[in-house]
């Protein structure tokens with residue numbers, strides 16, 4: 001979903017544009033470290049792949065179909081810096097060559113779909129795979145959780161921006177509920193397809209998966225003089241090893257800050273918006289018996305009867321519950337997969353085929 | 001971002017709009033979009049003026065209205081969202097055709113529809129009158145980071161190759177009786193995506209090696225010099241300037 005022109009006011013559009021430009025600038029430096037002078041052709045081809053993969057529709061349920069967003073997938077396959085660049089380029093090309101997504105909303109689109117999904121996806125992926133026996137099962141499960149979390153995170157950031165400068169008079173509380181709810185479902189599909197894609201790449205070319213760097217077994221030559229380890233860790237991947245990802249700590253701290261900020265935003269609005277609603281209802285003699293109103297504002301009606309403190313609390317709780325639900329759902333799936341595949345540790349390179 | 005819009009909308013022709021240097025057109029369209037977004041939504045006439053400006057450009061560039069309308073399909077998801085806003089919006093409610101609608105919600109829906117439509121039409125006109133390659137050169141002239149422009153260049157250059165590869169894989173799947181009915185078929189599609197990634201990545205490696213063997217040092221040589229004269233800038237600047245005047249008028253007549 002590309003945000004069009006006019007959806008956000010000018011300050012937010014400009015602010016997001018500055019943020020996106022800064023993010024892309026950082027990633028340009030980072031990608032040069034990841035790929036050096038291969039950056040242009042490699043990132044270009046990966047961007048073309050993401051563009052193509054986004055057109056690969058997969059059926060979700062009867063009649064509806066979803067497609068990949070690809071931020072988390074790209075981060076796992078080619079590294080976070082390159083991933084942000086690739087998705088940003090895809091968005092730029094879609095904006096300028098295909099008239100998809102508003103030009104003034106480019107900053108918002110890049111921030112949401114390139115930076116947030118890739119950075120959150122990568123942070124979650126690193127968090128899970130760090131310090132674990134890194135088998136293929138772990139990597140695949142981590143990809144699932146990373147993609148699952150990355151999509152609702154983008155939805156949450158969208159809600160935050162909407163609260164700051166959205167042009168539509170809808171309570172950010174209900175926007176958050178709707179956006180996170182819907183995107184949790186989308187995230188499930190994204191996680192499923194991302195995990196399967198990463199798994200299939202791991203089966204054929206595990207050396208291409210950035211998230212699996214340093215996890216493949218070194219090639220051992222059995223010679224007459226004994227075993228000799230060949231290449232692998234000392235190969236071309238070695239100089240890139242130190243930059244194998246953004247340091248985890250800054251990402252985590254930043255993510256926590258953003259989450260706290262968002263929780264504050266959501267709870268603040270959940271407290272003040274129903275006040276306005278109630279006031280209008282009282283002033284105009286309108287009441288909740290109006291059908292569309294009562295139905296559409298269902299979740300909100302819940303807290304508008306309570307006092308301010310309660311509203312603030314419930315707003316915050318709703319946000320926290322959404323995040324917790326994501327974590328629990330992701331963690332549960334991860335746990336189940338881990339338990340099921342505990343026996344198959346170590347990298348299973350399917351080079352035999 | 002639905003399927004089927006993978007062909008750029010460039011329409012070759014030789015008109016004053018086509019001949020303008022790409023950097024001027026890029027800057028003009030972005031500035032135009034900013035001014036449109038900054039226009040207060042209550043001044044309906046201002047948006048009508050902006051639409052007239054775009055219509056004038058379309059006539060000058062000889063882009064038929066049909067082509068523009070067909071490309072505007074891209075807006076549909078957000079149009080649906082805009083339709084929903086008056087129903088779920090807050091604020092004073094008015095009765096329209098027996099429906100209780102939110103007055104600020106109606107304004108917001110109008111706001112998004114009008115601004116998004118103007119923005120989309122401006123982008124379509126830009127893409128229809130500027131060759132993709134020239135657009136990238138123009139972006140480079142506007143001091144966009146070189147590397148970013150190079151990535152976009154490679155993406156555009158190989159996009160059709162990758163899409164063709166994907167199409168061939170789809171034909172191969174379907175000729176073996178594959179039909180994607182529900183989520184159970186997703187593993188097959190995911191394997192296709194994985195294979196596509198490997199093919200794209202390996203192609204990237206080959207392209208890089210081919211470039212190295214032809215003397216690539218990390219920078220692309222610029223063969224075509226596209227410099228803009230003051231006159232070009234003045235011509236291209238007419239659109240955003242008129243939009244800016246419209247926005248100012250709209251702000252002043254409160």
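Along the chain as shown, residues are numbered 1 onward.
In case you wondered, yes, glycine gets a Cβ from its N, Cα and C as well.
Heads up, TrEMBL stuff is auto-annotated, nobody curated it.
Annotated in TrEMBL:
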{"type": "DOMAIN", "residues": "A:250-339", "note": "domain 'PDGLE'"}
{"type": "TRANSMEM", "residues": "A:7-31", "note": "transmembrane segment"}
{"type": "TRANSMEM", "residues": "A:43-60", "note": "transmembrane segment"}
{"type": "TRANSMEM", "residues": "A:72-97", "note": "transmembrane segment"}
{"type": "TRANSMEM", "residues": "A:103-125", "note": "transmembrane segment"}
{"type": "TRANSMEM", "residues": "A:137-164", "note": "transmembrane segment"}
{"type": "TRANSMEM", "residues": "A:176-204", "note": "transmembrane segment"}
{"type": "TRANSMEM", "residues": "A:251-270", "note": "transmembrane segment"}
{"type": "TRANSMEM", "residues": "A:316-337", "note": "transmembrane segment"}
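Same-chain residues lying 6 or more positions outside the transmembrane segment (A:72-97) and placing a CB less than 8 Å from one of its CB atoms are 2, 20, 23-24, 26-31, 33-35, 39, 42-44, 46-47, 50-51, 53-54, 103, 106, 109-110, 113-115, 117-122, 125, 143, 146-147, 150-151, 190, 194, 197-198, 201, 208-211, 244-246.
Sequence-distant residue pairs (6 or more apart) of the transmembrane segment (A:7-31) and the transmembrane segment (A:137-164) include at least 3 whose Cβ atoms are under 8 Å, placing the two stretches in contact.
The average pLDDT computed over the domain 'PDGLE' (A:250-339) stands at 45.
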